[in-house]
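As recorded in Swiss-Prot:
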BINDING   12, 13, 14, 15, 16, 17, 18, 19  GTP binding site
DOMAIN    17-112  domain 'G'
């Protein structure tokens, strides 16, 4: 990847809103160049201030864990998506441990805040993300802040 390009992997358990988040982030800023399906790798890119961000979304189902490993190769940053209505699950913890074991810097987006909440201090008690942003991907809440945080950490 070129110097002014970064790879961001969007990762999380099943049905947390990864694809919706990617679609709305990219629709909000730029044009989606390609959209995959959830059983494969979702992809979209956008350019902000001469920096091209390549977003790769991983499937959340357990049977596709191997695809997470593939997607994480050569990544600059990961975005972990949590579902506020479910709280922090065992699978969420496993994903974060995977990123930390690979020394991949990551941020957290707590999604679906319209139907639940996760206390950020609870998250910071077990992991060390670069940032935590709360919002609702469907309503596009928190996406401007999220893009700004991603830009400042990549």
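Cβ coordinates are placed from backbone N, Cα and C, and glycine is handled just like the others.
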Note = Same-chain, non-site residues whose Cβ lies within 8 A of the 12, 13, 14, 15, 16, 17, 18, 19 Cβ center for GTP are 60, 81, 83, 111
Query = Near residue 19 (GTP binding site), how many other Cβ atoms are within 10 Å of its Cβ?
reply = 21
Note = Taking all protein chains shown into account, the Cβ-based neighbour count within 10 Å for residue 13 (GTP binding site) is 20
Residue among binding-site residues 12, 17 with least C-beta crowding, 10 angstrom cut-off = 17
Remark   = residue 16 (GTP binding site), Cβ-centred 10 Å count of other Cβ atoms over all protein chains shown, is 27
Ask   = Considering the binding-site residues 14, 15, 18, which residue's Cβ sits among the greatest number of other Cβ atoms within 10 Å?
value = 18
Message = For the domain 'G' (17-112), what's the mean pLDDT in this predicted model?
response = 85
